Amino acid sequence: MKETPLSNCERRFLLRAIEEKKRLDGRQTYDYRNIKISFGTDYGCCIVELGKTRVLGQVSCELVSPKLNRATEGILFFNLELSQMAAPAFEPGRQSDLLVKLNRLLERCLRNSKCIDTESLCVVAGEKVWQIRVDLHLLNHDGNIIDAASIAAIVALCHFRRPDVSVQGDEVTLYTLEERDPVPLSIHHMPICVSFAFFQQGTYLLVDPSEREERVMDGLLVIAMNKHREICTIQSSGGIMLLKDQVLRCSKIAGVKVVEITELIQKALENDQKVRKEGGKFGFVESMANQRITAFKMEKAPIDTSDVEEKAEEIISEAEPPSEVVSKPVLWTPGTAQIGEGIENSWGHLEDSEKEDEDEGGSDEAIILDGMKMDTGVEVSNIGSQDAPIVLSDSEEEEMIILEPDKNPKKIRTQTISATQVKAPSKKPVKKRKKKRAAN
């Protein structure tokens with residue numbers, strides 16, 4: 001999958017923020033991201049987190065035949081893998097230019113600097129030596145892979161323990177971990193890589209660039225150094241021309257950062273060794289907290305907003321005072337009102353107005369059936385009452401038989417009013433009825 005390029009707006013935003021000495025995550029120019037080191041249950045297994053960049057390191061060993069030109073030295077082998085789990089742009093099973101450059105830089109930093117005593121890895125000269133293999137897997141990519149990989153490699157080598165061996169004549173005996181305690185590697189110093197990103201043709205400088213900052217940078221300078229301020233390797237990429245003063249300034253900054261990282265590594269190794277001796281719980285399950293994958297979530301970053309607050313106060317002080325707030329609604333014409341924030345609405349009740357309209361218009365259409373009696377003596381005014389049921393039928397007359405105790409059945413004829421007969425009288429008789437009422 002091809003990497004998604006940055007838009008022009010994002011690129012201009014990043015460059016403008018760098019010109020103002022600001023970064024997206026709130027760091028200063030020379031600040032490193034938080035470094036966290038976790039160890040597994042086996043020796044030589046660790047995970048290093050540099051911000052959101054995560055690298056897994058695993059060290060293994062085996063007895064092999066030495067090289068012909070170096071019969072008394074062991075073999076060191078480094079392998080870095082970039083999987084699609086770290087970033088979709090990485091293609092599996094393909095040696096990209098970035099991967100080749102990172103592997104070569106790791107070999108120059110760790111193997112060519114002689115940080116590990118390879119002669120101590122020899123078992124029988126010219127026959128058996130230890131081959132130490134360091135496998136590094138990038139789990140998540142958020143920029144500055146080389147720094148995280150170098151820290152993971154040196155931490156895994158310091159934490160690793162090889163099995164103990166003994167030689168009697170031509171026989172080589174390999175002891176298990178239960179028979180003898182494993183032996184740590186002989187490490188002289190800890191070389192650590194520190195990356196510097198340059199922008200605007202070397203005008204601006206950032207330490208530990210993130211993934212987005214790497215996309216807009218013009219060049220990269222990597223300095224590998226130990227805590228004794230000895231430069232192990234230095235590499236510049238990007239095609240920019242650096243001055244001698246710039247390189248010296250970067251080396252001084254790298255010396256300070258390397259001392260801090262070395263102290264962090266030694267403290268993590270001591271804590272792990274202490275927990276293992278005391279018989280406590282150790283491993284990734286105990287040292288790494290549960291993490292949840294969330295979408296549309298922004299992490300809080302400590303950002304200094306004092307300058308923004310000062311500008312806001314200046315704008316408010318220079319602005320004109322606000323006009324007086326009207327506390328009551330202004331009625332411009334009858335039947336109108338003003339709706340605003342903090343003002344109570346003064347609209348009339350719609351139900352009351354509707355009832356008044358119904359009373360005025362319904363008086364003309366009222367049905368007055370008082371005093372009207374049918375031949376049967378049943379008053380029509382009782383039709384709408386709840387006690388007397390309304391019977392709708394097409395027939396004019398019906399026969400009803402009433403059964404009473406100790407009496408003969410009686411037949412009573414009642415007259416029902418059909419639905420077509422119950423009609424509202426016209427307006428003329430209603431008006432006459434009103435006149436009669438007025439006369440009375």
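Just so you know, glycine gets a Cβ as well, placed from its N, Cα and C.
Owing to the predicted nature of the structure, the values given are computational and were not obtained by experimental measurement.
Straight from Swiss-Prot, the features:
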COMPBIAS  353-362  compositional bias 'Acidic residues'
COMPBIAS  425-440  compositional bias 'Basic residues'
CROSSLNK  K297  SUMO1 cross-link
CROSSLNK  K297  SUMO2 cross-link
MOD_RES   S65  phosphoserine
MOD_RES   K297  N6-acetyllysine
MOD_RES   S306  phosphoserine
MOD_RES   S346  phosphoserine
MOD_RES   S393  phosphoserine
MOD_RES   S395  phosphoserine
REGION    341-362  region 'Disordered'
REGION    404-440  region 'Disordered'
Cα-Cα distance linking S306 (phosphoserine) and S65 (phosphoserine), given in Å to the nearest integer: 65
Lowest local Cβ density among S65, S306, which the record lists as modified residues, within 10 Å: S306
Reduced DSSP assignment, S65 (phosphoserine): coil
